[in-house]
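Visitor: Feature list, courtesy of TrEMBL:
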DOMAIN    34-109  domain 'ACT'
DOMAIN    115-199  domain 'ACT'
DOMAIN    324-403  domain 'ACT'
Amino acid sequence: MEWPACTDEYEKLVIRMSTPRVVIDNSVFSSATLVKVDSARRHGILLDAVQVLTDLDLSIKKAYISADGKWCMDVFHVTDQNGNKITDENVLKYIEQSLGSIQCGRTTSSNGLTALELTGTDRVGLLSEVFAVLADLQCDVVEAKVWTHNGRIASLIYVKDSSSGSTIEDSQKINKIELRLRNVLKGDNDIRSAKISVSMAAMHTERRLHQMMFTDRDYERTPILEVTSDKPVVTVQNWAGRGYSVVNVQCKDRTKLLFDVVSNLTDMEYDVFHATINTNDDRAYLEFYIRHKDGTPISSEPERQRVIQCLKAAVERRASEGVRLELCKEDRQGLLAEVMRTFRENGLNVTRAEISTVGNMATNVFYVTDAIGNPADAKIIESLRQKIGLSYLEVKELPLVNHQGMQREDQAVGIGGAVLFSIGSLVKRNLYSLGLIKSCS
């Protein structure tokens with residue numbers, strides 16, 4: 001490492017001590033890349049590390065987290081989306097450099113766009129109205145993400161001025177955007193809870209969506225229709241002898257699951273001291289030993305229930321039901337508004353959306369259901385494709401048929417099982433780190 005001429009020996013020592021040590025090894029396991037991070041402990045540092053990996057769309061198959069005193073060790077077993085080890089040298093170098101700088105906190109570089117944050121009551125055709133307003137006000141949508149949960153919607157939309165192609169800074173235009181979108185969000189019955197804000201600040205989109213829905217208290221609301229019986233099972237119990245609260249989450253495995261759970265624990269101002277994450281087939285088992293930032297465990301039954309509700313919501317927000325449709329078409333002004341209007345006219349509701357523009361191409365992903373949350377009719381989907389263009393709009397994923405009774409609360413891991421499971425995990429970690437056993441990942 002090259003040091004500035006003015007850096008004294010004490011400063012060098014402090015920098016060496018606070019800089020995370022990152023080890024990436026492809027030789028230990030045949031089925032996953034091992035990523036180990038040793039760093040000084042601070043609130044949110046686990047989330048920063050997980051964010052680095054999930055932003056690259058990597059899957060975390062196993063993880064072991066341990067924080068003793070003022071130091072923590074995080075071990076991740078990661079693969080790409082196809083279940084293969086990470087072999088691209090550029091990706092490996094990026095991971096090492098990014099994880100090596102997390103002690104300073106993760107920052108998001110400015111994208112030169114205007115960010116619109118919207119929350120309110122979800123309804124069929126809402127997004128069609130939102131994007132129609134933006135098109136009418138000469139706002140080009142460059143990126144957007146939309147989540148719905150328990151009848152609520154949260155959306156982060158990045159726009160630029162259609163004529164200038166730059167950030168929208170005119171205060172009169174911003175006020176007009178806010179006024180018209182607020183009226184759309186209010187509809188006929190959402191006067192109090194509809195919210196919109198405009199920001200020029202850079203932010204991590206998915207982290208911000210979790211915060212928006214958490215602030216909106218989506219976890220307290222009752223869904224209009226239960227579309228799946230495969231609900232996450234969350235238990236929270238105190239381990240009085242050690243002063244921890246033990247959180248167990250069992251659910252269907254999916255991409256970015258660990259990020260979603262850790263993001264919510266961090267936003268609720270809990271520190272993770274130990275954790276074990278395992279996946280088996282399509283199931284995920286996550287266990288966390290947590291305390292408040294002041295070092296105390298969960299202290300009341302209402303708080304325990306709130307943690308359970310919040311973590312269930314964190315898992316469910318991204319796991320939207322519906323048919324996955326992918327649109328890839330040359331971008332033009334008003335394209336998104338037209339597509340959304342076609343969805344609405346065919347009685348389809350968008351439960352989740354990811355909008356992106358690369359060069360002159362629009363690449364959009366939509367999850368759609370019928371008006372009441374049931375799987376969309378295949379004939380309607382085919383009619384939709386005919387109208388938009390068979391070569392532009394493709395069906396990429398159909399919803400799975402869920403069976404009743406797959407998970408019940410009484411199957412959750414109790415405190416005794418949690419303690420034994422964690423102790424076994426810690427022992428196993430020490431053994432494989434010494435090369436005495438092989439991973440089953």
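Positions of Cβ are set from backbone N, Cα and C atoms, glycine also.
All TrEMBL annotations are machine predictions without curation.
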Visitor: Please check if the domain 'ACT' (115-199) comes into contact with the domain 'ACT' (324-403), where contact means 3 or more CB pairs closer than 8 Å and the residues in each pair are separated by 6 or more positions.
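Guide: Yes, the stretches contact each other.
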Visitor: Which value does the mean pLDDT take for the domain 'ACT' (324-403) in this predicted structure?
Guide: 90
Visitor: Counting each residue once, how many in the domain 'ACT' (34-109) are helix, strand and coil under DSSP?
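Guide: Its residues divide into 24 helix, 26 strand, 26 coil.
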Visitor: Run through the domain 'ACT' (324-403) and tell me, per DSSP, how many residues are helix, strand and coil.
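Guide: Helix/strand/coil tally for the domain 'ACT' (324-403): 22 helix, 32 strand, 26 coil.
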Visitor: Go ahead and report the DSSP secondary structure tallies for the domain 'ACT' (115-199): helix first, then strand, then coil.
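Guide: Going through the domain 'ACT' (115-199) residue by residue, I get 27 helix, 33 strand, 25 coil.
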